[in-house]
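Here the structure comes first, spelled out in structure tokens, and everything after it is commentary.
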Amino acid sequence: FNCSDFILFLISPDAASLSGQNYSTVSEFILIGFSTFPQHLLPAFFLLYLLMYLFTLLGNLLIMATIWSEHSLHTPMYLFLCALSISEILFTVAVTPRMLVDMLSIHHSISFTACASQMFFSFTFGFTHSFLLMIMGYDRYVAICHPLRYNMLMSPGGCARLVSWSWAGGSVVGMMLTLTVFHLTFCGSNEIHHFACHVLALLKLACGKETSSVTMSVILVCVTALLGCLFLIVLSYVFIVAAILRIPSAEGRHKTFSTCVSHLTIVIVHYGFASIIYLKPKGPRSMDSNTLMATTYTVFTPFLSPIIFSLRNKELKNSIKRSFYRTFCPLSY
């Protein structure tokens, strides 16, 4: 019982116990991903996704550095934005590098434990991202509907607790789902028709009586968590819109709503692309089109986030400009 066997046992006791017997138990998976694409197109896709990946990292790091250096941005809204940027970076790092490597590699195998790790981190950072978006909606609700109580409700300690609960909640849900999936037995085919260890693609490889019930449980948890966050965000904006409509001047309404535009845009993009992927109607689609559609959520959505926040948030945009001039043009600043 070596170290890898011990880790395998912790994740999936059934698989570990079968590994020494004459069963065709899966010990590694093959990520099909982009391997079905025409080979001459792969370098172009690789370059495109690499640039988007680097831009995602640099854009979010720029936002975090600007918030850190500008004291005027040391407010709850930008604290939550900083936490959101961290979750974006970590989610992207959990999925995209492996996808890029497999594009130009002959071997697309991933070990059992590496697959479980990737699923855990993608779940954790993905759910944390949704929880943070929900908290940012609550922040805008308090700021607009209860401005006199804002400093009390959004104190530094309170904001830190909200961020901590978001990360803790994402980690708990990620661990729970990952352990549930990898306690199943995987036998027979080991080809995952995805560029990552995606839960639904992986569940298709599981065998045993518990597979259907586990699949339904995983879907139920994911849908409940994500739609629950979306419902609370929509509810926040219902109260926000009602409060804005009570403002007598058009200029006041515009100024108040402008503080919500970047967050609302991110929510629409986040849930819009997710619904395209997970709620798309069943139909005769090729594997290549499904792969490209999956990249809209894992690569394109994180790529858009820093663009939206830096362009749609005037205060952040001006702070980035000031930081740029202060760093590269100190004499003209």
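Just so you know, glycine gets a Cβ as well, placed from its N, Cα and C.
The annotation transmembrane segment is assigned in TrEMBL to 44-65, 77-100, 120-141, 162-186, 218-245, 257-279, 291-311. Residues or ranges marked as domain 'G-protein coupled receptors family 1 profile' in TrEMBL: 59-309.
Within the same chain, the transmembrane segment (120-141) packs against the transmembrane segment (257-279): three or more Cβ pairs sit under 8 Å, each pair at least 6 residues apart.
Taken together, the residues in the domain 'G-protein coupled receptors family 1 profile' (59-309) have a mean pLDDT of 89 on the 0 to 100 scale.
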